[in-house]
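In Swiss-Prot this protein carries:
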TRANSMEM  184-216  transmembrane segment
TRANSMEM  222-243  transmembrane segment
TRANSMEM  255-275  transmembrane segment
TRANSMEM  295-311  transmembrane segment
TRANSMEM  318-340  transmembrane segment
TRANSMEM  360-380  transmembrane segment
TRANSMEM  401-417  transmembrane segment
TRANSMEM  437-459  transmembrane segment
TRANSMEM  531-547  transmembrane segment
TRANSMEM  553-575  transmembrane segment
TRANSMEM  587-613  transmembrane segment
Amino acid sequence: MANNIDILDYCHSTNDVVQNIVNYKKNNDNYNYLEKHDDENAGISKNNIGVNSNYNRVFVFNNKRGDETKQIDTNMESITPYININSLESTKKINLVDESSKNYNMGNNWYHQNKYNNKMNNSKNSKNSHNKHISIAHIKYDDQEINEKGKNKLYEENQTNTKKTWKRRAFSPFTPGGVRSSTVLFLCTAIGVGLLSIPYVFSELGIILSIILILLNSLESYITTNILCMSSLEHNIFVYGNLLEKIGNKYYKTLIDFGLTFSFLSGYVLVLILVNDYLSNILYTFNFPSFISNRIFITIVICLLVLPLTFREHIGSINCFLVFSLFSITLTVLAVGYQSKYYMSLLPEKNISLFKINKHFFKCFNILLFSFSQQSNACFITGQFNQPTQRRVTKSESRSILIQVIFYTLFGLLGYLSFLNTTKDNIILNYEETNMSILLCKFFLCISFFFSIPLNFIATYPSMISLYTSIRNKIQKLYSVLFTRNEYLPSFSNILRYDTENPFDEYTLDENTENSSTSESQGDDMFQRKCAAIFVTCLCAFVEFNVSKLSNFIGIFGGFTSSIISCILPNLIYYKNMHTFKNKIERYATLALLCFFSVIGLISSIVTAFIIIY
């Protein structure tokens, strides 16, 4: 009897294990199905299953029984390779107690009957499992088909989006530091007063030679601009003078600072002269009062309007105005082209020159060199990029050069065909004062030249401060040598500097910024920037009041400084970094081209000066 009780306990424990195995098998099948289904659609992995999932309850059979129960479980798993789920569910607990010998035959019959039922159920389960696998395969196939359809839809949407990308880029607002805004900065730096003299070049040299020189100067401008931009990226320096100081020495820095400062001042005065002439002509044509069209009054108004723009530290805040400058130049080209046929019909002689060389060749070469001069702001514009990579910078500068070639070729050709050999050095002067379309172009050109002043000031400001600091330090050293034993030295040092403890110490480069040449030229020093802007504006206005025919003087010295800025110094930078180019033919061909333009630029400035003087 005791043995029967032990057997019953064992059977109960075994039945519990079997029931747990049944539950496990059900849960595991459901989990496997869900896992496969989810993996196909949502990509859920086993590592992402939560704590409450069936996967975490697989091995929890009967923890209350202890180690013996675990041993029984493992034995049953090893002995029974296959367990029929349905037979385990339908089979009742076996009663092994023999109450009488009569029940032996019944038990034997029950055993055979149960064995037969198990075979039938196994066949049914195999069919069900086969059908189940077929259904899962269908589900997988359907899911794959759905995924393929979804991918096709996404691909079609991406294709449509890429087709619309150029429209979105063309009409979306400019982002500061983007490729388009940087292209506009390059264009506004290069396209300026020199545009109005391009038709004069065509009249002096002919159409073919003028186009050849335009292409050559565009090639030179692209090479030198690319040299400056890539050198700025390589050394992480975005001021022209600082870049030359690192590659060469401090004398190169002083030279470029002087060249950039003088070029900006001369350009400022020239813009004031042209804007004053155009506005006075417009106001006089529309019968404004005489005091409004007065030269001094117009100059004061222009200076008061341009001062707040020069106080800005970053160029991104005036991007919209720079786009308007390009619009005004485009309008001028269209107006000249629209009237070219009419003015050409008025000419008595219609002799079109294709190729000719005369004494004005060097002067015309200088004009084209000025027109493509965007190198002065190349380092500054490179520093304005939000992602200054080589690909983005090259894309921006190449686009600007291409647009300049198109503008100059069209404007020069249309302007030359309008007046042929009677074309003046400023084509606007060929039109009568009552021409309304030209008056409108004059007004828009005034706006374009007006916004070129703050652009060039922001780029030239570090060079002006660096030049001022170097001159001040030289004066301090000179007085320190002359008056070392003089009692007036302390009072003089107090006048020059507030630092009485170390009055003759030179300023050094600021390690916290790379866009300033001295510690005084940091962007947060707004007071110093305002003082410099006011001083420069007053100086240029004073010169414009007293000298109205400064164009020849500016052409001589401006051409000389432009040759240094655009040809000689980029050539020096390329010569220092020439070892980085592996192709020797490309290396020496580029060096020869830069040397040619450097020599021609200097010779052109000298010859132009002699022609003007004599």
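Residue numbering: from 1, along the chain as shown.
Yeah, the Cβs are placed from backbone N, Cα and C, and that goes for glycine too.
Long-range contacts of the transmembrane segment (318-340) within the same chain, counting only residues at least 6 positions beyond its ends with a Cβ under 8 Å from a Cβ of the stretch, are 174, 176, 181, 184-185, 187-188, 191, 195, 309, 312, 407, 410-411, 414-415, 417-418, 427, 435, 437-438, 440-441, 444-445, 447-448, 451-452, 454-455. When each of the listed stretches 222-243, 255-275, 360-380, 401-417, 437-459 is scored by C-beta pairs under 8 angstroms to the transmembrane segment (295-311), 437-459 comes out highest. When the stretches 184-216, 255-275, 437-459, 531-547, 587-613 are ranked by Cβ pairs under 8 Å to the transmembrane segment (401-417), first place goes to 184-216. Contact between the transmembrane segment (255-275) and the transmembrane segment (587-613) does not hold: fewer than three of their C-beta pairs are under 8 Å, each pair 6 or more apart in sequence. Outside the transmembrane segment (437-459), and at least 6 residues removed from its termini, the chain residues within Cβ reach (under 8 Å) are 185, 188-189, 192-193, 264, 267-268, 271, 274-275, 278-279, 281-282, 285, 302, 305-306, 309-310, 312-315, 318, 321-322, 324-329, 331-332, 335-336, 338-339, 376-377, 380-381, 428, 431, 533, 536.
Beyond the ends of the transmembrane segment (531-547), by six or more residues, the same chain brings 265, 268-269, 272-273, 276, 295-296, 299-300, 303, 306-307, 310-311, 457, 461, 464-465 to within a C-beta distance below 8 angstroms of the stretch. Long-range Cβ contacts of the transmembrane segment (587-613) within its own chain (Cβ-Cβ under 8 Å, at least 6 residues beyond either end) map to 219-220, 223-224, 359-360, 362-363, 365-366, 369, 552, 555-556, 559-560, 562-563, 566-568, 570-571, 574-575, 578, 581.
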